[in-house]
Structure formats: structure tokens, C-alpha cells
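What TrEMBL says about this protein:
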COMPBIAS  51-82  compositional bias 'Low complexity'
REGION    1-27  region 'Disordered'
REGION    51-87  region 'Disordered'
TRANSMEM  107-126  transmembrane segment
TRANSMEM  170-189  transmembrane segment
TRANSMEM  201-224  transmembrane segment
TRANSMEM  245-266  transmembrane segment
TRANSMEM  278-298  transmembrane segment
TRANSMEM  398-421  transmembrane segment
TRANSMEM  456-480  transmembrane segment
TRANSMEM  500-520  transmembrane segment
TRANSMEM  526-547  transmembrane segment
TRANSMEM  559-579  transmembrane segment
TRANSMEM  626-650  transmembrane segment
Amino acid sequence: MSATTSPADSSTATGGPTTTTTPTISTSTAAATVTNAIVKTVEAIISSTAPAASQSASPSPSGFSTPTQSPTSSSTPTTTASMGGPEEKLSVQDLSQTLQHFGVVDYLVFIAMLAVCAVIGVYFGFIEKKQKAKKKGQLAGKDGAGAAGVEERRGSEALDYLVGGRQMKVFPVALSLVASFVSGISLLGTSTEIYVYGTQYAFILVTLAISGAISWYIFLPVFCNLQLTSTYEYFQLRYGAGIRNLGAVLFIVDTTIWLPLCMYIPAITYSQVTGTGIYVITPIVCIICTFYTCVGGLKAVIWSDVIQSFVMFGSILVVCIKGTYDVGGLAVVLQRNEESGRLNAPEWTWDPTVRLSMLSVIVGGTLHKIQSSDVNQISIQRFLSLPSYEHAKRCMQVFTLLLIFLLSCCCYMGLVSYAVYHECDPISTKLAKASDQLPSLLMMRTLGSMPGLPGLFVAGVFSAALSSLSTGLNSLACVLTQDIVQPLLKKPLTERQTAFWLRGIVVGFGFSCIGMVKIVEKLGNVVPLATTVGAVSMGPLLGIYGMGVGLPWVKGKSVMVGSLVSFLVLAWICINAQLGQMNGEIRYPKMPVSVEGCDYTFDNATVFQAIYEYSPSERNLYHLSFFWYTAFGGVICTVFSLLASLFFGWEDLSQMDPALITPCMRRFLPNKNCQAVNMQDLFKR
């Protein structure tokens, strides 16, 4: 039996009535006495050896397992089993507890990952700083202030803390970019997406290569040439202070909401695997992450990301390999998914309300990835930590390849998940209380009996969270210091003041995440809020970046009008869409699932509601594919900015700095008596 299931609906389903059976007992007093004695004896033996659930299951005509409970005690299922009846089955709650295998070795693996990150922070925050001070003194003693002056400029507080002195290496920065943009939510959500909807989402891998090529050719030359610490400084050079403030505020609000969510999702996974509450692990992880980010700056963040990236890759690969082996090999995985229709492609349609069409994935996904992964404060800050533009181009190539590989592994883990649970959907039966808990459930089933591997998987999920948290804290410190604090001051900050502000911001936001995680748990609906804020902010920012480097005729006032219109329209669409999904008014078609092969008991009403009472809703404007949000916002921002230019006028191109425009558009600028300088020579100067 197969049907369609929805993780959203199944997570809100309520329990239904259970079937009750009454044992038949003889009226003879002697027989009753003997029977009661046997029952009590067998019950004592079983409870002392294997305390299982007090429920048994009897098959129903529909193929479901029907829970059966005694009205007075748990003696009924025990008696049935002792008299040759059907074998007793565990309940969902008891099975979930038996899957928790997190031993001493697993804790050691998890603690080792946190300890290595802390040591990296100590090294770059204290040991390397002393070594640099000693080297600076030696240079000053040898040839006066010349070499020492160059070294001092490279090692200034803001430059060293925010962009690593622009002396980082390509491969570590590429790994850091991967770790930063594959959060714990992405790590768990991608495989769940494939399990629930099929391989349509996997076509996003094509857009990663396209978006990387566009960013490499259009955006990177501009930002690498300007060598700015904050990308919103570019907004002021190109448009004025108003657009800079707008971009900075959008980034700060989006990141502030996103950071506690990045910690909450892995904490739920940790709690599911170990049985420990999230309030125990969250403060520990947040304090360690805040520590190494605070004392070590971007160098500590990048090298911690390197370690965390290897842990992420290793944990995903182990689950995929072991899961494939358990089900019988790659052919079995592909066969089961093909039979269920999960090896599907996006629909070929022009309808933007289709959840994943080929047009929305390729065009909308490309524009979304340009803004989310390639052209924003977090990514540009890392590209600027490299010595030259050539290094940045190589980093973009390596980053794109590694990101494609990791997301491919996450997609394949979704296929493995269905191959394992093709006859018993854990989302419908509530074995997985939320759809995003499916990967951790798969891990506990495939790796639970192997010491150290559950710890590796949990460390991998937390590695993704730590990298996102540390990256966000470092970028928040950069934006708040460079775009908010310094413009308000009459004179520049000293080195000591800069160090205080940078580290103070990191500590403040780091510790605030501990309290905000509690708010996230209480509200319960912060995931849609974070998704909405992210979509609403990325749309206008894509338009601002795109017009900045590609349309030199547009003024700052016109861009402000277009940005505000884009923000309001996207907010209206996204908020209504999220409310519709939360209320069950927006429902998308799901892939079929089955519960015929379940070997544990569950609530029939919940499963029936999740599978048979679910049906897709009629599409309207609020069904707009999530891949279109960023693209739609960017187009609205551009169109209304051009219309506003008819009122505010056009930019005087004779006053435009060519360095602010992408090289392929500089041909439209008036010729100036300028000397052509090779970019590599510019970096050497």
C-alpha cells in the first residue's frame, strides 16, 4: 500500500483513538487463580529482562498496525505472547528510545571536535599574535621602519581580524565558504527534500556552476579591485550613504534571526540522538564558538571551518556508504526510488506557481545562488582575504566544485533514506517527530551499533552549525563596526578601540544566541520567519548589486525607490505564503510512501490523516516557487528603479569611477585619460 505524505501535516497531526481488547477469563475460580499466577510470573520475568512497551499490535484489514492495550494493566499482551499469539511489538516511543546509541566514544569524538576549534582560537588569538610582534621588532631592527611599516599595515587590527591580513590560502578559504553556506539546516533539509519530493531539487547542482561563473566574471573583478572590508562600503561609493545603511540593516536583521536557528536545529538532533535537553548542549557550543571567533578573528574562523568541513564530509559519506550497504547496494537504492517515482525531474512549464519547474530551478535558482552564496558580505569578505584576484578566481572554482560534491552527497542520502524506509515511513508514524529529523533517524539505524560513528555524525551536523555561527558573528562585527559605528563617529577608531568594538560585538551576539535559542523553541514558527526575512532581504540586495556593477546610469535615489517597492511586494507575498503553509492552506504534491512493513505500533488516526486525508491545494499567487523569491525581488527592484529614473534623472557617467563598474560594462563610460594598470601589478603596489 502506498500513498502520499506531508511532513508539514504529519507534524501537526493529533493522536486518535486506539483499539482496546478485553481478555476472556474463565468463570471458574480455580482456573482464574492459576491463570493470574501464570500471568504475574511471566510478566515479572519479561519486565526484568526487556522492559518493552505495554502495547501489542493486531493487523487490521487495511494493513495498518492497530495498537491494543489492556484496560487495567500490561498483562494482556504478555499473556497473548505466552500462549502462542502474535509477537509483541514496540511502540513508537519505545523504539525511539532504543535507537539512542550515544556512548563514551561518541562523546569523545564530539568533544574532540569542539576542543580542536578552541585550540585554533587560542593559537591565532595569542600565540601567532606574539610571533608577529616578535617578527615586527626584528624587521624594525634590521632596516628601519620600511619593512616594519609594510608589515604593520598588513597586520592592522581591522585588516587582520576581518580579512586575515589578506594573506589566506585558496583551499582553506574554499572549504570555509562551503562550511559557511551549508548550515545544519541545509545538511538535514536537503536529504529530507529528496525523500519527500524526489530528485527535482537535485537539479540545483547545475545552477551552482552557472552562478559561480557569473559571479567570477561580473562581480569578483569589482570587489577584488576595490579591496573593501565591507561590501556595503561599495554601496556608498556607488549610490550614497542611504543605500549603504539600507543594505547593512537588512543584513544585520537577517543574520540576527538566522544565527539562533542555526544552533537550534542541530541541538534538536543532538537531543534526539542522546536524550539530552537542548539547554545543556547549546550554551556549551555557543560559548566555544564565541570564544574562538572572538580571540582568533577570521583566521580562526577559516581554519576551524576547515576542520569542520572534513567532519561534515566524513559524516555524510559514512552514512551514505553504510546505508547503501545495508539495503543491498546502489542498484537497490536506485530501483526502490525509481519504483516510487522519486527519480524525477522538474516540470517543463512556464507556470511560476509550480513548486519546482525547470525554469524556476535554472533561472530562479541561479539568481538565488548568486546572492546567497557568491555575492554577499560573508562570501566577499572571504574572497578579499586572499592575496590577489587570481587567487579569488581559483577559490571560486574550488568552492563551487566542493559545494556541488557535498550537496550531491546530501541528495543521495535522501535516496538512501527512502530505500531504507520504503515500507515504513517514519514521518507518517511519528517515529520522526519532524521531517528534518529523518537524517538523524537514518544515522541511528545504520550507525547506532558502531562506536564513534554516531558521534561523528552529530559532530558533522554541529560543524555545519558552528561554521555558520562563527561566520555570521565575524561578518556582523565587520558590518556593525564599518557601516554603523565608524560613520557615526567624528574621528576614526584607534587600533585599541577597533579591537574592543570587534570583539565586543562578537561576544554580545554570541551570548545572545543562547537566550534566543530558548525563544526559538517557545515560538516554534521561527523557521518560516527566518525564511521570509531571508527571501525579503535577498531580493532587493540582488537588484542593488546587479544595478551597481551593470547599470551605471541609475542613481541612488532611484535605487532606493526600487528597493523599497521590492521589499514591500516580497514581504506581502512571502508572509502570506508562510501563513498559508503554517495553516495548511498551501499543500504541494508529495511522493508516495507506505507503512505496510512497519514492525512497531503507531496511532492509526495520525497515519490515516497524514497519508489519506492529505491532498494538494489549488495554486494561486502565494504558491510562487521559493526559487523565484530572490529573482522576483531583483527584477522588481530593477524595473522600479528604472521607472524612478525617469523622475529623478540619470547618473552623470563622466563622474562615474570605472572601478565601480564591471569590466564588460566599462565600454559605455566616457573615455578618460587614464593609464591601464594590470590588476596583479595593482595588488603588488
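Any Cβ shown, glycine's included, is placed from N, Cα and C.
Contacts between the transmembrane segment (398-421) and the transmembrane segment (245-266): absent, as fewer than 3 C-beta pairs lie under 8 angstroms at sequence separation of six or more. Long-range contacts of the transmembrane segment (245-266) within the same chain, counting only residues at least 6 positions beyond its ends with a Cβ under 8 Å from a Cβ of the stretch, are 183-185, 188, 230-232, 235, 278, 282, 285-286, 376-377, 436, 458, 461-462, 464-465, 468-469, 472-473, 475-476, 479-480, 483-484, 509, 513, 516-517, 519-521, 526-527, 529-530, 533-534, 537, 540-541, 544, 560, 563.
Long-range contacts of the transmembrane segment (456-480) within the same chain: residues 102, 106, 109-110, 113, 117, 161-162, 176, 179-184, 186-188, 229-230, 232, 248, 251-252, 255-256, 258-259, 262-263, 265-266, 269-270, 273-274, 285-286, 288-290, 292-293, 297-298, 300-301, 304-305, 307-309, 311-312, 314-316, 318-319, 377-378, 381, 440, 443, 447, 501-503, 505-506, 509-510, 513, each at least 6 residues beyond the stretch ends and with a Cβ under 8 Å from a Cβ of the stretch.
The stretch with the most CB contacts under 8 Å to the transmembrane segment (500-520), chosen from 107-126, 170-189, 201-224, 278-298, 559-579, is 278-298. Listed as Cβ neighbours of the transmembrane segment (170-189) (distance under 8 Å, sequence separation of 6 or more from its ends, same chain) are residues 261-262, 265-266, 269, 301-303, 305-306, 308-309, 312, 316, 372-373, 378-379, 382-383, 385-386, 391, 394-395, 398-399, 402-403, 406-407, 410, 436-440, 460-465, 467-468, 471. Taking Cβ pairs closer than 8 Å, the transmembrane segment (626-650) reaches residues 352, 355-356, 360-361, 363-365, 367-368, 371-372, 531, 535-536, 538-540, 542-544, 546-547, 551, 553-555, 557-559, 561-563, 565-567, 569-570, 573-574 in its own chain, all 6 or more past its ends. Beyond the transmembrane segment (107-126), the same-chain residues lying 6 or more positions past its ends with a Cβ under 8 Å from any Cβ of the stretch are 284-285, 288-289, 291-297, 299-300, 303-304, 307-308, 311, 452, 455-456, 458-459, 462-463, 466.
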